[in-house]
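The region 'Disordered' annotation in TrEMBL covers 1-50. Residues or ranges marked as compositional bias 'Polar residues' in TrEMBL: 1-21. Per TrEMBL, the feature domain 'HSA' maps to 90-153.
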């Protein structure tokens, strides 16, 4: 007699309660379980009413995807058990220095020019201030007899 939907659902619930978590590794109950093969991961059931050959290639690949993922997770569990799999990230590799391009030279020159223009502006402001002060002292020294803009009073 085929299993009723309720019993299928109960077994499915048991499987879903013991789902494999790849970040924690395989569940370990005792020391003897360390030497047993990892438990089979719950896989997705293939639809029985649709033959695999009549499906397009993209759908066939999408149906094979859970099997491939299960194999990958099992292999990770094996490697973790052997101590060859770490959760830490690998350090970044040092890239080889690339040769300078035209754009790099252009950016360097732009930095240099920005600094140069800022210094030149400061220099011009300081020079203008000195010229203004000297002119002001000259006007004070000559006295009020001189009129501005060449007009005579």
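Here the Cβ of each residue, glycine as well, is placed from N, Cα and C on the backbone.
Broken down by DSSP into helix, strand and coil, the domain 'HSA' (90-153) contains 44 helix, 0 strand, 20 coil. For the domain 'HSA' (90-153), the predicted model reports an average pLDDT of 88.
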